[in-house]
Amino acid sequence: MVLRSSWKSRHKNSCGPAPRWIRPGLAALLWLCVTRLACGIEAVGEIKNIVQKDAEFDVNYNDTVTSENQTIYAFNHTISRNKGVRVSVDLLSNKSESPILFVVRQKQAVLSFQVPLILRGLYQRKYPYYDVGRTLCQPPTRAASETQYFFVDVSTLSSQGANYQLRVSRVESFTLQTNKKFSFTASPSQPQYFKYVFQDGVDTVIVKVNSDMAFPCSVMSIQDIQCPVYDLDNNVAFIGMYQTMTKKGAITVVARSRQESLSSIEEDDYDTLDDIHSDKNIVRTKKFLYVADLARKDKRVLSKKYQIYFWNIATIAVFYALPVVQLVITYQTVVNVTGNQDICYYNFLCAHPLGALSAFNNILSNLGYVMLGLLFLLIVLKRDLAQNRALERHDVNALECGIPKHFGLFYAMGTALMMEGLLSACYHVCPNYTNFQFDTSFMYMIAGLCMLKLYQKRHPDINASAYTAYACLAAVIFFSVLGVVFGRDNTAFWIVFSVIHILATLLLSTQLYYMGRWRLSKITERKLITDYAGILRRIVYVIYTDCIRQCSGPMYIDRMVLLVMGNIVNWSLAAYGLIQKPNDFASYLLAIAICNLLLYFAFYIIMKLRSGERIKCLALVCILFTAVVWGFALYFFFQGLSTWQKTPAESREHNRECILLSFFDDHDIWHFLSSIAMFGSFLVLLTMDDDLDTVQRDKIYVF
């Protein structure tokens, strides 16, 4: 599809580097640039008289403004999707000692400019313009038309006063049509932009612009339909794509999906300016937070961030599983060649061989993890596709309502469930204490990913990155290996681990309480000090000022309750480990992860109900069903048909006969039921907030 436009220009300049562009809907922004805009906005001092007038469209208002009076024009405006609004100003007295400041206040946007408008060209030469025209940005509306007020404030610091003419008019030809020419005129102080919306069945258009004049330079820009619109030469690089032109210009635009443009968007493109950092400090430390406060980052950036969870765990799975398979095959070969039945801790009273495998029933029973993990991935994929279709048609509920839907962690959870089945099967080829980590590594992964998903639901902007999360999980698995090898009756190991456990709990609690706005560093004028002495001094100072000098209750009570309970649980588990020194360190570590997950899940459900939200029928059925299945699963888990904590002979005293189809034993039933329970738990996380799909994000509480 081809769209042609033409214009005339009277200005000259070169234009800066081209940025990226964003979404399927687009606004064709066309303007001419000659110079760099350098119009400083002066602060207005104390004003004695403020006059507000009810104003009308297409009427010229000739007024005078001084430093002692300010005029506000109030316009009652019916916003239409196909029409725009333009503010035009002429300065009638050229010798004003100070410029006039015009501020247009809309419901969802603010536009300000000064007259005369000073633009800078080559060698910093100044070009003053006394007639300025700007088109107001109109955000997408739910209805075809919507009535709103907007205000034009006029002020100056000039004591002599300045005469001006103000006119606000409607832009009737605001929406461009495919294959239809449209002529207009633009100047450096009067940029123009128009809207184009892709029609059904159209996925690519070419925007063409022709000018009668070869010189000066003109600029053509394509931007997303959103506020603000960057129509000045000093902010065009902020968003969209543009090109300079003399007589001809053309840009091809593709109903380009979000996924196709993710590779060019990095999370590091954001949160780098000091004012953005300050804004985060303000937003995240409010007493009452809403999801809209923590869902401010670009959706494409976050989607890419959370997709990395899936790709990373897929990579980890491949590199982890290959040596595991090789090792357990070696174990089984040694058993078959040597005939030594003490190497592997089977339930010999229900061990059914198949080929070279000694206990095929224990391997086969893990198939449920793989199948249900695959089923969960398909369910998530279906939801993901439905969400993408809703975004492509600019569905208001998908854009502005409900918990922000990022599916990367769900894909990672489904993959982890499948890998748990595979690695558990590998462990049961020859179960013993040296390879027990194969059976638990992805259980740690699943517990960690579930906690991250719970936190991500209402904290999408500040959830941990995949690299940080997997690095922490790798540290957990590392300690699991150390515990299995060195943890038996080793007091030094348990002291070190308990101290690390408690310190990690305190550090994580602090990060969660302050929403990541707390730092273990102190900034001086010249350098960043992160030495331990400085950290200790800061902690002591915070305790003194907040708890001793002016003792007051916590600002975030709900968060504090959760973290206090979490610290009690974790400190108790640390004390238990230090005193009892359990031989099965891997299971002890898994118990820590599960206790924290259950605590957080219970807190989430309680706070959800306390906030006036409800749980839909499907999610409620999943919760009840999953709880019952978990109960039966744990019963069979604790039957203990073998244990590598004892000698092979002592372990066989726990062996039992098959109980299902004369083929499967109690541990196989655990595999069946736990796979169903994990699948149900994932469905709970997927559906528990479906009741919020039509609720505005600025009304959904963060907890």
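Even glycines carry a Cβ here, placed using N, Cα and C.
What TrEMBL says about a protein is an automatic prediction, not a curated fact.
Small disclaimer: the values here were computed from a predicted structure and weren't measured.
Feature annotation from TrEMBL assigns signal peptide to 1-40.
Summarising the annotation, TrEMBL assigns transmembrane segment to 309-331 (among others). Same-chain residues lying 6+ beyond the ends of the transmembrane segment (309-331) with a Cβ under 8 Å from its Cβ atoms: 343-344, 408-409, 411-412, 415-416, 419, 422-423, 426-427, 429-430, 432, 435, 438, 441, 445, 449, 466-467, 469-470.
As annotated by TrEMBL, transmembrane segment applies to 367-386 (among others).
Tertiary neighbourhood of the transmembrane segment (467-486): same-chain residues 308-309, 312-313, 316, 433-434, 436-437, 440-441, 444-445, 448-449, 452, 493, 497, 500, 585-586, 588-589, 593, selected by CB-CB distance under 8 Å and a gap of 6+ residues from either end. Per TrEMBL, the feature transmembrane segment maps to 467-486 (among others).
Taken from TrEMBL, the feature transmembrane segment applies to 492-514 (among others).
Residues or ranges marked as transmembrane segment in TrEMBL: 560-579 (among others).
Marked as transmembrane segment by TrEMBL: 585-606 (among others). Only residues 6 or more beyond the boundaries of the transmembrane segment (585-606), in the same chain, are considered here, and those with a CB under 8 A from a CB of the stretch are 436-437, 440, 443-444, 447-448, 450-451, 454-455, 476, 479-480, 483-484, 487, 501, 561-562, 565-566, 569-570, 573, 577, 615, 623, 688, 703.
Annotation source TrEMBL lists transmembrane segment at 618-638 (among others).
The feature transmembrane segment is assigned by TrEMBL to 669-688 (among others).
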Long-range Cβ neighbours of the transmembrane segment (669-688) (under 8 Å; 6 or more residues past either end): 362, 365-366, 368-369, 372-373, 375-376, 379-380, 383, 410, 413-414, 417, 420-421, 424, 446, 450, 453-454, 605, 608, 615-616, 618-619, 622-623, 625-626, 629-630, 632-633, 636-637, 639, 659-660
Surrounding residues of the transmembrane segment (560-579) on its own chain - C-beta under 8 Å, 6+ positions past either end: 494-495, 497-498, 501-502, 505-506, 509, 512-513, 554, 588, 591-592, 595-596, 599-600, 603
